[in-house]
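Input: a single structure, listed below in structure tokens.
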């Protein structure tokens, strides 16, 4: 079985980070933490509200602080927000403190998975959601690739299968 090294999931919104992360933590008997949920709990407000009040910069500063703190824990599976990798400091913390898995997805699949989700501040009130997703991918995908130890496409398999596959990859990665 994989040793209890931290596992950090990165990737765009709608890639399945939270869903796969929960399954993975269960398989490995590790604690699962979703950084977005942690931010909301500590702020006592949802992310959309934080974006409205503090702007994206304010949110990113909160996110950077909280991820810095969370990545210092031991034996966790951490699902990060899609934009967490925009911070060089966050990328450095992720790389230094665990195995980083980039959950890759296509813009088409993202569009399909996020179109009914009202909790995506970067997609609120947007005319052309697909264009926003494409623009985000252009900026962020190279950063996900830069920080990743392992890259996995998530479009075709269930979260349970993905989690099992990650366990195998981590065993190989650790040996």
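A Cβ is built for glycine as well, from the same backbone N, Cα and C atoms used for every other residue.
Record note: Swiss-Prot gives 36, 60, 140 as substrate-binding, and the candidate from 14, 82 in that site is 82. Geometry remark: residue 82 (substrate binding site) versus residue 14 (ATP binding site), CA distance 9 Å. Here residue 140 (substrate binding site) comes close to 12, 82, 83, 85, 86: these same-chain residues lie at least six apart in sequence, with C-beta atoms under 8 angstroms from its C-beta. Ranked by how many other Cβ atoms sit within 10 Å of their Cβ, the binding-site residues 17, 60 place 60 at the bottom. Here residue 60 (substrate binding site) is positioned 20 angstrom away from residue 15 (ATP binding site), judged by their C-alpha atoms.
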